[in-house]
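A.B. asks: Here it is: the structure, laid out below.
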Amino acid sequence: MSAFDRYLWNGGAALLAALWIAPLLYAVWTAFHPSAYEAHFTLTAPLTLENFVKAWNAAPFARYFLNTFILVTGITAAQFVLCSLAAYGFARFSFPGRDLLFSLVLLQLLVMPDILIVENYKIIHAMNAVDTLQAIALPYIASGFGVFLIRQAFMTVPRELDDAARIEGSGPLAILWRVYVPLAKPTYLAYGLVSVSYHWNNFLWPLIVTNSVETRPVTVGLSVFATTDSGTEWAVINAATLMTSAPLLLAFLLFQRQFVQSFMRAGIK
Amino acid sequence: MLANFLKGSAAAAALSLIAALPASAVDLQFYFPVAVGGGAAKTIEGLTETYMKDHPDVKIDPIYAGSYQDTITKVITAARGGNAPQIAVALSTDMFTLLDDDLILPFDDYAKGEEGKKWIEGFYPAFMENSQFDGKTYGIPFQRSTPVLYWNKDAFKEAGLDPETPPATWDEMVEMGKKLTKTDASGNTTQWGVRIPSSGFPYWLFQGLVIEAGGKLTNGEGTETYFDSPEVIEAAQYLVDLSTKDKVMEPGILDWGATPKDFFERRSAMVWTTTGNLTNMHDNAPFPFGVAMLPEKAQRGAPTGGGNFYLFKGSSDEQLEAAVKFIEWITAPEQSAIWTKATGYVAPRPATWDTETMKDYAKGFPQVLVARDQLQYAKAELSTHENQRVTQFLNDALAAAITGQKPVEEALKEAQAKADQVLAAYR
């Protein structure tokens, strides 16, 4: 690669990075300055935390955060359990109709969850669970993507380890717990991160199935600020947006390496 | 989670047993959107609580459902899922959509007798235009608005114009706009004459121009549109010319949400926007401002906008009667005055303007009366069957004309052809 090529390459990367970070920087700028500076960028602009105070007081964000936290941990934990069991079955047991069943699970990947909203709502309503946290979680727990990803990880575990554990007298569940799960850790991490960020950001289904402050997650709470008729207060909106996305942003910065690597590893094998 | 869920469903089963027993109080669910700032949601919740205090036999659960778009999504999903609320506020233009989906009931069946009839007849006719269909009333006006022209009196003075006289005609608006448009030494415009925002739903303000030109967008029954009629083309040409020929308006798509800010920061001396902004303008404009009716061409004119109460199928008659009683109460003059004062929405009944609350308010802030007085010229907002799709055709055509991608006439002809295709099924 010539020096010129490298400059071009790095320049392109820098441009993409700048494009990606620009809205975030703008959000930070407006959130920390009085609203008069939304479109005036002077370095001497006074800093303020008032926008955060305003946003925090405009909606019960503490409760929304708690709801989101319970929701994402609950969903991810339930997905781990269900998907591991299903993946183990598909990866290591042979039974009639296994491949057909597995392709049915994969079919789920082709269906956008939004299409099923009315049907899901009917079921949730029949269970009398509208406006509960488990109602938000239920449609997502049996994740086809999770089953697929974890099954692929289990398939790469050498049979010899499985056999050795069996000789030592372990039952199937103990083998799953002691052999397969530890070896698939990077996959769990990758899947967990994807799942957490998806459900942290999910909006439509929680909006539809929740009615009260006690069950609404932050994304739905954030829509309080979408008051288009009277003009958009970017300073307050951006303060609220930063607040709601901060935990995820921090997590991404902390786990950035694992996030990228684990996906590569899970993919390469 | 799973254990939680099991517990949850056991509790749910127990609950449904309780729900099956005859209840002494009537339970109502009430979905509402909020499109203006200033604690509007709290005002609605406060009013609901007052009502429940006076009527202990009714329990109303007011559910704030976000924007209009969010609310209608939520309502339609819940209704199809067999759990429709009794009451919801949604855009008046959603009436045909809700009727096509067979989700709503006419109010006439529940507001019975002379009294009920009088109540329904007590709203401004302009607001009832897209609340009634086939002789029945499906919507009760609540958070209704209409666009008006706001002008900066300081800017008028600086430009040598009379600060108390807004433009009365299209031509005057262009003339004044030329005087108000200021450019600095390097040729950049620092203040534009006028701003008619065009992002998101340009059809709304555009409809004002169409009515002023003497035209109309639909036949009022939701089955015909007139997007390529001469008046509509004239209106679109005027809108495009404001930027390209007269150079009194910033070119390109102008953001709706940024309009008040643009006005406050003196980047536009006149702006067209909703009366729903009145309270915001009143509280935040750093200069004296005036509110005027939209200027006329062949006639005065403006569309109405905003939300109506709807009554949903799928509940007992007892619930629906209680729901209508509540709506009667909340649209009564005293309550309606509180609501108008908190938001800037136009009180939908003449009687509200005779209350002491409104009289006092108008004395200190006479600008609130402009929207009311404009109502006599107002027409129903564009609404057809499959409203979202048909409206989008017009929005796209306007965007293409404003950005110069297509000539005005061609863009509108295309929109009309597409609308014809969709609406043919309903004729």
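The backbone N, Cα and C atoms fix where each Cβ goes, glycine too.
Straight out of TrEMBL:
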- A:7-29: transmembrane segment (TRANSMEM)
- A:64-88: transmembrane segment (TRANSMEM)
- A:65-255: domain 'ABC transmembrane type-1' (DOMAIN)
- A:100-121: transmembrane segment (TRANSMEM)
- A:133-154: transmembrane segment (TRANSMEM)
- A:175-194: transmembrane segment (TRANSMEM)
- A:234-255: transmembrane segment (TRANSMEM)
A.B. asks: When you scan the chain for residues with a C-beta under 8 Å from the transmembrane segment (A:64-88), skipping those not six or more beyond its ends, what do you find?
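C.D. replies: Cβ under 8 Å, 6 or more out: 105, 133-134, 136-137, 140-143, 146-151, 153-154, 172, 176, 180-181, 188, 191-192, 195-196, 199-200, 213-221, 244, 247.
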A.B. asks: Is the transmembrane segment (A:133-154) packed against any residues at least 6 beyond its ends, judged by a Cβ distance under 8 Å, and which are they?
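C.D. replies: 67, 70-71, 74-75, 78-80, 82-84, 86-88, 90-92, 102, 105-109, 113, 116, 120, 124, 180, 183-184, 186-188, 190-191, 195, 199, 205-206, 209-210, 215, 217, 266, 269.
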A.B. asks: Do the transmembrane segment (A:234-255) and the transmembrane segment (A:100-121) come together with 3 or more C-beta pairs under 8 Å, pairs six or more apart in sequence?
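C.D. replies: Between the transmembrane segment (A:234-255) and the transmembrane segment (A:100-121), contact is absent.
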